[in-house]
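Asker: This is the structure, below, for whatever I ask next.
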Amino acid sequence: MTMILADTSRNNSTYFWGERTSTLDWCEENYLTSNYIAEFWNTLTSMIFVVLAFISIRQCIKYKLQKRIIVLFLGIALVGIGSVLFHMTLKLSTQLLDELPMIYVTNSFAYLLIESGSELKYGLALPIFVFALDVAITVTYIFLLNPIFHQVSFGAVIIFSFVFSAILLRRLPNSSHGKKRLNSLLLRAFFGFLFGFAAWNLDNICCNSLRSFRIRFGAPWDALLQMHGWWHILTAYSAHCLSLFLTALRLEISGARPYDIKYFFPGIPFLSFENVKQD
């Protein structure tokens, strides 16, 4: 999701990655921190997706959770890697490695959410539809290279995922203790994305003011005003919570094994199956 901003003063071939070929740029000043990284703070904060995803994958393997959940976290890690490469280079090829996996992962999440029961409702029809949708969005976006198209496509699936998650949560019995845990995860995911979206808009709308304040405050405090970096941090947290919500929801519906949600500093949740009492 993007802002078109021509940072022409820092777009030339003298830097490590050469001229920017991406259709998108951001409010962070290019190559200001390092000649080897186009957007240092945006690159650094993108790594949070990868870190949280691989910690979750390790837990999935440890607790022998479903392979489809592992694939979901691998997808989130891929989004993070694509984002790192894009913000590091500002090349069109890496831009697509950032943006297209966002579509694939959100569509896959929506599919897993719809098929969250113990039995498949739609058989092969739904995965075929999701695959066709991925292909259609990919071809259209590569042809148009229109950021609005990407933003609308991504945003529509995100909205659907939150709404459908709330519907599934409401269907659970009120007496279920697990419902409280799920509600907490969903709220954290929702507000994480909401505040992240607010930061993304600030980065777009108030760029000149943000740059002025960053110059005034200087290092290291200027890093706190990298709003696109906050978008990464908050949406990584949101994606992590939403993926845990899906995992816990599937456990809740199946009733296969008791689980708990443990929170670690600074409020990052993880599934736990150790010393858990059956509700």
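Cβ atoms are placed via backbone N, Cα and C, with glycine included.
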Asker: Just to be sure I read the record right: Asp25, Trp26, Glu28, Asn30 are listed as binding Ca(2+) in TrEMBL. Which of Glu19, Glu39 is listed for the same site?
Answerer: Glu39
Asker: Starting from the Zn(2+) binding annotation in TrEMBL that includes His228, His232, which of His87, His150 is the extra site residue?
Answerer: His87
Asker: Near Asp25 (Ca(2+) binding site) in space, meaning Cα within 10 angstroms, which of the binding-site residues do we find among His87, His228, His232?
Answerer: His87
Asker: How would DSSP class Asp25 (Ca(2+) binding site) in three states?
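Answerer: Asp25 (Ca(2+) binding site) sits in a strand per DSSP.
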Asker: Given the transmembrane segment (185-202), which of the listed stretches 40-57, 126-146, 152-173 has the most Cβ pairs that are under 8 Å apart from it?
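Answerer: Counting Cβ pairs under 8 Å, the winner is 152-173.
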Asker: What does the structure give for the C-alpha distance between Glu39 (Ca(2+) binding site) and His87 (Zn(2+) binding site)? Integer Å is fine.
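Answerer: A Cα-Cα distance of 5 Å.
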